[in-house]
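Notes follow once the structure below has been shown.
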Amino acid sequence: MVKSRPLLSIVDFSRLLSAIAKMNKFDVVISMGEQMEMLGIAHNLYTYSILINCFCRRSQLSLALAILGKMMKLGYHPDIVTLSSLLNGYCHGNRISDAVALVDQMVEMGYQPNAVTFTTLIHGLFLHNKASEAVALVDRMAVKGCQPSLITYGVVTRCCTYNSLISCLCNYGRWSDASRLLSDMIERKISPSVVTFNALIDAFVKEGKLPEAEKLYEEIIKRSLDPNIITYSSLINGFCVQNRLEEAKQMFNLMVSKGCVPNVVTYSTLINGYCKCKKVKDGMKLFREMSQRGLIGNTVTYTTLIQGLFQAGDCDNAQDVFKQMVCGGVHPSIMTYNIMLDGLFNNRKLEKALVVFEYMQKSDLVLDIITYNIIIEGMCKAGKVEDGWDLFCSLSIKGVKPNVVTYTTMISGFCGKGLMQEADALSRKMKEVGVLPNDRTYNTLIKAHLREGHTAASAELIKEMRSCGFVGDASTFGLVTNMLYDGRLDK
C-alpha cells in the first residue's frame, strides 16, 4: 500500500496505522512510518501519536521522546492521547517520578487527565511500592479541581479509577487507606460500585476484620446494589476462617436464593471450612452437590478434601478422591502430593507412600524440601532410619538444601534408635553449615540424652537452649520432673 499509486492520503495512512497498532503489530507500524517519511509523506499529529504509542509499548521510550521532540518542532502540540502514551511508557520504563511530573505538567497545560491516565499512573506507583504517592496524587488532583473523570462516561469512569486505587491499596495491605478513600468517594458524590465494596470486603476478611466486612455488605444492600459472586465468596471465606460454619452456609443459601450461582471457588471455600472443622462428611456432601450441578472441582477442591479425609483417619476415601482427581484430568499440585505422602505415612502406609514418591521423582514436578522432609520423617517413624539417612545425604546431589526441620527430623530418627553419637554429630554439623537449631531440636536431644542417662550432656544442652531464648516443652519438663522424683536425676 505504501508503494501504490496514487499515494494514499494521510487520513488513509492514519486509519491503516491505527488498525495495525490495535493488532499489537508495533514493529510493522514503525516500519511503515519510516517508509512514509522516505516517500515524502508528512506525518500529522495523529500518526505521530500512533508512533509514540508503539515505541512506548515496545519499551523504547527514548525513541518515543525523540518523536515527541520532532513533532513539537514542526508545530504540533501533543494531545491527551499522546501524553497518556508517554505516561504509560514512563511507568513501564521505571521512570515513575517523570510520570508524576508529566501528570502535573498536563494539568498545568490545561489538560484534564482521564481515567486511563489516572489508572495507568496509579498502577505504576503501586508496581514500585509507592502506595502513599498514589493516594497523594488523587488528593493533589482534587485540590487542583481535576478529579479522575471522563466527561464521556461521567461518574462510572470516576468510580473505575477509584476502584483501581482501592484495589491496589487492598492488595498491598493498606486497607485503612482504602477505607478512607471510600469515604472520600462518597463525600465527592461518587457512588461506589459493588466492585469497590468487594475489594474492601475481601481485604477486611483477609485481615481478620469480619465485622467490618459485614458492615460493608450491609452498606451494599442499603444502597440497593446487587452483591455478586465475589461478594458472597469473600464473606463465606470470612465465616469459614472464623469457624462460623452455620453463617457461612446461610450466606451460601442466600446467594443461591438470590439467583447468584456458586462457582468452584465458592464451593471449595465452604468445603475447606467443613474440613477444617472436621466435618468432612458435610464437605463430601457439598462436593457431590457441586458435581451434580455440572461443576468440576479444581486442584484446590480435591486437595482440601484429601487433606480433610486423611485428618479424619479415612485413608481409603482419601486415596479414592485422589484417584478420582487424576482420572478426571485434574492435575495434582506439589501440595496435593505432599498431603498424600504425609497422610499415607501417618496411616502407616509406607509402601504406598514410597510408590507415590517414586512417581513424583519420575514426573516433571520440582520437589521441594517439604517433600523430602515428609519422606525422611515417614521413613524414620517406620524404623527405616538408614533409608532416611541415605535420602538425607543425597539432598546435596539433588540440589536441595536441608533446613532446620530436615536436620531435626533426622536427629529425632537417630535418637529414636539410640544413636546418640550420630545425633550429636549431626547437631554440630547443622550449626557448622549455618542452620540454627530451634526449640524442637533442643527438646529432642535433651529428652534423648536424659533417657540414655547422659545428665551432663542434657544439662549442657538445657543451658545452650536457654541462652538461645528457647524453653523446654511440656514433655521435656515432665521427663525432668519424673527423673528428679524417682532419683534418676540429681538436683
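Cβ atoms here come from the backbone N, Cα and C positions, even for glycine.
Positions annotated as repeat 'PPR' by TrEMBL: 44-78 (among others). Residue counts for the repeat 'PPR' (44-78) under DSSP (helix as H, G, I; strand as E, B; rest coil) come to 26 helix, 0 strand, 9 coil.
Taken through DSSP, the repeat 'PPR' (79-113) splits into 26 helix, 0 strand, 9 coil. If you look up TrEMBL, you'll see 79-113 (among others) marked as repeat 'PPR'.
The repeat 'PPR' annotation in TrEMBL covers 114-148 (among others).
Model confidence over the repeat 'PPR' (158-192) is summarised by a mean pLDDT of 71. Taken from TrEMBL, the feature repeat 'PPR' covers 158-192 (among others).
As annotated by TrEMBL, repeat 'PPR' applies to 193-227 (among others).
The feature repeat 'PPR' is assigned by TrEMBL to 228-262 (among others). Each residue of the repeat 'PPR' (228-262) gets a DSSP state, and the totals for helix, strand and coil are 26 helix, 0 strand, 9 coil.
Among the features that TrEMBL reports, repeat 'PPR' is placed at 263-297 (among others). Remark: secondary structure over the repeat 'PPR' (263-297) totals 26 helix, 0 strand, 9 coil, with classes taken from DSSP.
According to TrEMBL, the repeat 'PPR' annotation covers 298-332 (among others).
Counting residues of the repeat 'PPR' (333-367) by DSSP class, helix then strand then coil, yields 26 helix, 0 strand, 9 coil. Residues annotated as repeat 'PPR' in TrEMBL: 333-367 (among others).
Taking DSSP states H, G and I as helix and E and B as strand, the repeat 'PPR' (368-402) has 27 helix, 0 strand, 8 coil. Taken from TrEMBL, the feature repeat 'PPR' applies to 368-402 (among others).
Taken from TrEMBL, the feature repeat 'PPR' applies to 403-437 (among others). Secondary structure counts, DSSP: the repeat 'PPR' (403-437) has 26 helix, 0 strand, 9 coil.
Feature annotation from TrEMBL assigns repeat 'PPR' to 438-472 (among others).
Shown for the repeat 'PPR' (193-227): DSSP residue counts in helix, strand and coil, namely 26 helix, 0 strand, 9 coil.
Same-chain neighbours of the repeat 'PPR' (263-297): 229, 232-233, 236-237, 239-241, 243, 245, 248-249, 252, 255, 304-305, 307-309, 311-312, 314, 317, 325, 328, 330, counting only residues six or more beyond its ends whose CB sits under 8 Å from a CB of the stretch.
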